[in-house]
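Have a look at the structure below before the remarks.
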Amino acid sequence: MSVPVSPSSRFRELSQYINSLTNLLGVDFLAPKMEFNYRTWTTIFAIVNYTAFTVFTILNNGGDWKVGLRASLMIGGLFHGLGKFLTCLLRHQDMRRLVLYSQSIYEEYENRGDSYHRTLNSNIDRLLGILKIVRNGYVFAFCLMQLQPLAMLLYDGTRVTAMQYLIPGLPLENNYCYVVTCLIQSVTMVVQGVGFYSGDLFVFLGLTQILTFADMLQVKVEELNEALEQKAEARALVQVGAPIGGAENRQRLFLDVIKWHQLFTEYCRAINALYYELIATQVLSMALAMMLSFCINLTSFHMPSAIFFVVSAYSMSIYCILGTILEFGYDQVYESICNVTWYELSGEQRKLFGFLLRESQYPHNIRILGVMSLSVRTALQIVKLIYSVSMMMMNRA
């Protein structure tokens, strides 16, 4: 008979799995100290290689601005990947500290009863479901991008590349040069794909703990309400004015709710400070890629840019959808606090409860550049803006 796996073990395995992916790019975020190795330099070389060849292609466009526009197609993807890579390098200690902190929470609360154990396990299941959706989307998109040049070559002999830059001295008309160009671009694509996927996983690992802490607050509120209901039942059995037992336990549970809400608020503040620039870069860079892809296809249909439009829209959407789910988590925290049986609290406890209720009305939402909330509403506004700017650019072209 198999032994059930504890939530802390599942969380540890999940964080180690994500770390194994980032380690492929030379970034070991679970290591006490960041060290550069050959994989780190390979990643840096791939970024520099793509940047240099893209700039060369944009400048060497033969007087055709459409060639330069197509070459700049994946500039948004460059900013996206560069933002994740630099975040891992520059904020390695903060990222590691948050993961270890979450790990300690799992280890502490998994033994506090079935409710906490079940809540932690359900949140791991939810995170695994999100990661599965992200993985399947990226695998499908990047496989499509890699197979598209081969499909067009077999269909009508058209020679295109997955990425739109050219390498000096390797004309695509030459068979050998075309194969070498595709191989070099494939290496860049693999680094890009692994970087996109592993970076998203690590960000989601941190963000989804907001939902975990919100669920645990709800469990603590239920424990407090149960104690307050027992107080109400006991009052009916004693004389008026007689003391009711269990005051220390109720005080402990009430303070536990307050302390956990403070922990929740501090975690939201820390995760926002850590990924503030990264999330903004992610959403805005993918919006830029969508706009460039849309402009290219307004002039004439271009298969690589159409595929990358779908990849960019998908990458931006998963963040905005997760942002909307987090907003539901903030609402859940507020509703849990509102559901406290406050009229059974003592006078001093009611004063503290008033401060708690007021604080819960102003959660630390994840915001893009401190202006727009990370949500589906923002994604729709960005799409409208992309359409308007693209039409304006094409009308003036």
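Every residue gets a Cβ built from N, Cα and C, even glycine.
The transmembrane segment annotation in TrEMBL covers 38-59 (among others).
Look at TrEMBL and you will find 71-92 (among others) tagged as transmembrane segment.
Listed by sequence, the residues of this chain that lie at least six past the ends of the transmembrane segment (137-155) yet keep a Cβ under 8 A from its Cβ atoms are 161-162, 182, 186, 189, 192-193, 196-197, 303-304, 307-308, 310-311, 314, 318. Taken from TrEMBL, the feature transmembrane segment covers 137-155 (among others).
Here the transmembrane segment (273-294) has Cβ contacts under 8 Å with residues 69, 72-80, 83-84, 87, 91, 94-95, 98, 203, 206-207, 305-306, 308-309, 312-313, 315-316, 319-320, 366, 368-369, 374, 378-379, 382-383, 385-387, 389-390 of the same chain, all six or more residues outside its ends. Summarising the annotation, TrEMBL assigns transmembrane segment to 273-294 (among others).
Under the heading transmembrane segment, TrEMBL lists 306-326 (among others).
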Beyond the flanks of the transmembrane segment (38-59) by 6 or more, those residues with Cβ under 8 Å of it: 23-27, 67-68, 71-72, 74-75, 78, 81-82, 85, 163-168, 184, 187-188, 191-192, 195
Chain residues in Cβ proximity to the transmembrane segment (306-326) (below 8 Å; excluding those fewer than six residues from its ends, i.e. six or more beyond): 73-74, 76-77, 80, 130, 133-134, 137, 141-142, 144-145, 148, 196, 200, 204, 207-208, 210-211, 279, 282-283, 286-287, 289-290, 293-294, 297, 365-366, 373-379, 382
